[in-house]
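Enquirer: Straight from TrEMBL, here's the annotation block:
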TRANSMEM  A:9-30  transmembrane segment
DOMAIN    A:94-295  domain 'ABC transmembrane type-1'
TRANSMEM  A:102-121  transmembrane segment
TRANSMEM  A:133-157  transmembrane segment
TRANSMEM  A:169-188  transmembrane segment
TRANSMEM  A:226-253  transmembrane segment
TRANSMEM  A:273-298  transmembrane segment
Amino acid sequence: MLHYLIKRILMMALTLFLIITLTFFLMHAIPGGPFTSEKMLAPEIEAALNAKYGLDKPIWQQYLSYLQGIITFDLGPSFKYPGVRVNDLIREGLPVTAQTGFLAMLCVVALGIPLGIVAALHQNKWQDTTIMAIATMGVAIPSYVLATIALYLFALQWQLVPTFGLDSWQGYILPVLALSGFWLSFIARLSRSSLLEVLGQDYMVTARAKGLHPQTILFKHGMRNALIPIVTVLGPVVANLLTGSFVIEQIFALPGIGRHFVLSISNRDYTTIMGITIFYAAFLMLMILIVDLLYMVLDPRIKLGEKAQ
Amino acid sequence: MSSAPLLKVDNLTTHFHTSRGDVQAVRGVSFDVRPGEILGIVGESGSGKSITCLSILGLLKANGEVVEGSADFEGKLLTGLSDKQLRTIRGDDIAMIFQDPMTSLNPTLTVGEQLIETILAHKPVSRSEARKRALELFDLVKIPSAASRLDNYPHQFSGGMRQRVMIAMALTCDPKLLIADEPTTALDVTIQRQILLLLKDLQEELGMAIILITHDLGVIAEVADRILVMYGGMVMETGDVYDVFESPQHPYTTGLLHSIPDVRSHTKQRLTPIPGSPPDMLRPPEGCPFAPRCPHAIQQCLEAMPPLFERPNAKPTVHEARCWLHHEEAPKALQSIFDAPEVSNG
């Protein structure tokens, strides 16, 4: 087990190294640079800036010195925000993003799974049809459309919630709704189909034939098995939600890291692009590792790190 | 007719409501199970044998419904009970084991846990007492090194061992009736015999009654006391197992007996399959369901449902067959097919 964990972590480090290398060279392959803008800078100023940030050096030298920084967890200075380091950018933005992301995650799990269960238990009845109709819309409607409509109705027309910012708890409602809408619907649909499949299994009839309580049958025998495919999806979803969404943060004017993700690319803010990518990649890999470990708890047939017999 | 029946099924009729109409899976099945006897129910797939037993225990899928008839267990009307009331009987007085031990055990729980939860659902005992009982049961069904195997998961057992686990689980509360739904079908031939003998031994040791559902007449011959032949959701023939094998009174039973190979026969003998396929249970035929495939069918067979005719002087128990040829006005030439045992090899 420990052996397996060490192997996995080493593999993660290797993957991360490949991602860093690939992103670094791809990023530099995009024409333009951090200091190219419509207002042409005087050539000597641009040269001075390039020299200050080491952009005048050959690219392999830049790459090596960047790697050097990474090893000490230093993501370097932002090119766009003078005097701000990428570490600080993440440190400031992450709490905002993580808070809304965590609440969205909570909605996905605490609403999505139970809605799926209700739908599965009332297959083809009105409860099922209603939940699935809403969930299908939730999957189909893009989050920014949902966010804009919700903003217009709840914030502008009825003035129930603020239009932007997270100063009061009401401010969280719309961003969390917009953020969780897709995954909530997705998980509800997945939970339904997964549970329906399990309900049709022979061991569920056995459980009934043994005279067990319906709740024991549903949760101990049914959900435990139905959760396996749900957990598979939830890992990447956590990473996705906790690292934020550019569109949602832009619409609700939230100072999170999600917007840095996109803005840094158009700004050619090299260090920010790298920093956010590395952060997201590492987080995603960690979540996948957790999912794999959870499998073992849920399904005893899965033995990690052992060769199949 | 020595003692009062343990289970009395009367005119049981089960339908499945589907978008294409009602599937009439069981159409007026009646039979008794006496304490301590083994009743074999035989029939091909879709003949309604499994559905009959699932109906008795209220284990039908959501679209299934017992529309008529009753099942009476020791004076309690099972077909009228709520799910909550049935729960106290399932796994306690009446237990059930299933065809495929590979899929009938929950893969994510240890077999010990699956046994213990059954005991705890019916008996006011502590967990450790339940575990002790589970160990006894493992010994009873002859699972070697029981103590260590309780904490194993189903996938760590072979097919035969899993069926033993299923049997142990069914025996947790000393049931008076065990329903075994094709308990050997999914197993290797050598294992099939072991499991059958185990069931027979347990039946003698514990004195329970068994309903053994199968499509394998060999299984019935080996262990059953009485036999119930089902076709098209109805009872075609019923009687003492020797009686029915010696002189089958229904062409369908004869057909079934003809389609088993006889290893003792040295002559080159072709098996005689029954031509045709079972009836569509959405629109079952008005007459005898077997008539379209029956080599001896007469006009009457296609037009009206035959009643069960009792064979005179059958011993030791009633021998009945649902066939018009037993009617006194049926052509005598055709009636003679039942007289001499037609199973002549070669």
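Here the Cβ of each residue, glycine as well, is placed from N, Cα and C on the backbone.
Bear in mind that TrEMBL entries carry predicted annotations, made automatically and left uncurated.
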Enquirer: Grab the same-chain neighbours of the transmembrane segment (A:102-121) for me: Cβ-Cβ under 8 Å, and only residues 6 or more beyond its ends, written as numbers and ranges.
Expert: 127-128, 131-132, 135, 172, 176-177, 179-180, 183-196, 199, 218, 223, 230, 234, 237-238, 241-242
Enquirer: Between the stretches A:9-30, A:133-157, A:169-188, which wins on the count of C-beta pairs under 8 angstroms to the transmembrane segment (A:226-253)?
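Expert: Going through each listed stretch, the top one turns out to be A:169-188.
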Enquirer: Please report, as numbers and ranges, the same-chain residues at least 6 past the borders of the transmembrane segment (A:133-157) whose CB is under 8 Å from any CB of it.
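Expert: Contacts with the transmembrane segment (A:133-157): 115, 163, 173-175, 177-179, 181-182, 184-186, 188-189, 245, 247-248, 251-252.
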Enquirer: Which residues of the chain, 6 or more past the ends of the transmembrane segment (A:9-30), have a CB below 8 A from one of its CBs?
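Expert: Residues packing against the transmembrane segment (A:9-30) from afar: 59, 62-63, 66-67, 70, 268, 270, 273-274, 277-278, 281-282, 285-286, 289.
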